[in-house]
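Enquirer: Input: one structure, supplied below.
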Amino acid sequence: MVEERKPHINVGTIGHVDHGKTTLTAALTTVLAKRLSGEGNKSVKYDEIDKAPEEKARGITISTAHVEYETENRHYAHVDCPGHADYIKNMITGAAQMDAAILVVSATDGAMPQTREHILLAKQVGVKDIVVWMNKCDVVDDEEMLSLVEMEIRELLSKYGYPGDDIDVVRGSAVKALEEETGSGVWSEKIMELMNALEKISLPTREKDKPFLMSIEDVFSIPGRGTVVTGRIERGVIRVGDKIEIVGLRDIQSTVCTGVEMFHKALDAGEAGDNAGILLRGIKKEDVERGQVLSAPGQIHSYKKFKAEVYILKKEEGGRHTPFFSNYQPQFYVRTTDVTGSIKLPEGVEMVMPGDNISIEVSLDKPVAIDKGLRFAIREGGRTVGSGIITEILE
């Protein structure tokens, strides 16, 4: 009997420094632990979240706190980053994916520069849904002031392509909710209201339900059987007998999967998340190479030019010591391979300093299989100097 698991959704708190993201994270876990049973519901204190351990993602060190909570219908994994730079790095590297974000805005300040920056980044990196928590409403007794702040947030969300008029805005106070020790009371109810808003968000399509895609890491020739490519299946399912394409670096080749292997066992199929070997019909070892992808027919194409949002590492993070200018030519590590390319900076931007995040245009030397939302590393001589996400395919 397989235990039915609750559908899972990844959320995170975003917003300006000191608007209460971490306090809200603590309040969410605390109120839910008191209100709802469920082994995922444990109260997490502010200090535990604030002293988040550092972790490495794509060669970049990021402090991120991970907490979890659940309702009757869903299980939530929630990320909160202590520092503003950590947010930018987290969103660009995808260290902690977010299906949805809780935008925290202080009722006393309204929208601030980082509020805007986080909304824009959320849009760029493909966060589909946002709900708003207007915090510190206990210290604003002017109803008109609250309405103005709410209106301003809605307009800002619309400006960046979110449905500002329809998004749920919950007015509350994370501090007051934490003070209500029983988990019931007017401010705790606001936390439950926020949870109800999260419950309405549509669940993300699981990777397994998308068309098949696998990045090729290695190629072997097995005498008497043919050519096997290995790699991690990124999305979808592959079955023996499926038609597939080999895309990137060269012209597209069509073939058929004649075998799927994992841990030296032959299987009927492989699915998203599996590290598998795929046997290819009629393909010679020299016809395929690391850096190409296997894909369901017609699902992915190779391109050389794209726009991206990137974060450039600081010197202390092991990045460059000096700025770079337009036409800088590093390697772009895309899926499983390094490809040289050149960077064009936006008009009016002379140079990029270590520690900056910026929108750029990239022209690669060779076409590779890419799609919008794909993350990559920028490398120089094998070390990571930056990280990025593709926001638009050009050609």
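Note that Cβ sites are derived from N, Cα and C of the backbone, with glycine treated the same way.
For 15-22, 80-84, 135-138, the entry in Swiss-Prot reads GTP binding site. The Mg(2+) binding site annotation in Swiss-Prot covers Thr22. The domain 'tr-type G' feature in Swiss-Prot is assigned to 6-205. Under the heading region 'G1', Swiss-Prot lists 15-22, citing similarity to another entry as support. The region 'G2' annotation in Swiss-Prot covers 59-63. The feature region 'G3' is assigned by Swiss-Prot to 80-83. Taken from Swiss-Prot, the feature region 'G4' covers 135-138, and the record attributes it to similarity to another entry.
Surface or core, plus neighbours and distances: that's what I need for these features.
Expert: According to its DSSP assignment, Asp18 (GTP binding site) is coil. Around the Cβ of Asp18 (GTP binding site), 12 further Cβ atoms fall within 10 Å across all displayed protein chains.
In sequence order, Thr13, Tyr46, Ile49, Asp50, Ala65, Asp80, Pro82 make up the list of same-chain residues 6 or more apart from Thr22 (Mg(2+) binding site) whose Cβ falls under 8 Å from its Cβ.
Taking the region 'G2' (59-63) as a whole, pLDDT averages 75 in the prediction.
Away from its own ends, the region 'G3' (80-83) comes close to residues 12-13, 21-22, 25, 49-50, 52, 62-65, 67, 90 of its chain (Cβ-Cβ under 8 Å, at least six residues beyond either end).
Under 8 Å from some Cβ of the region 'G4' (135-138) lie the Cβ atoms of residues 19-20, 23-24, 104-108, 146, 171-176, 187, all in the same chain and six or more residues away from its ends.
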Enquirer: Pick from Cys81, Cys137: which of these binding-site residues has the biggest number of other Cβ atoms within 10 Å of its Cβ?
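Expert: Its Cβ has the most other Cβ atoms within 10 Å: Cys81.
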Enquirer: Which number gives the other C-beta atoms within 10 angstroms of the C-beta of Lys21 (GTP binding site), all protein chains shown included?
Expert: 26
Enquirer: DSSP three-state call for His84 (GTP binding site): helix, strand or coil?
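Expert: In three-state terms, His84 (GTP binding site) counts as helix.
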Enquirer: What does DSSP call Cys137 (GTP binding site) in the simple three-state scheme?
Expert: helix
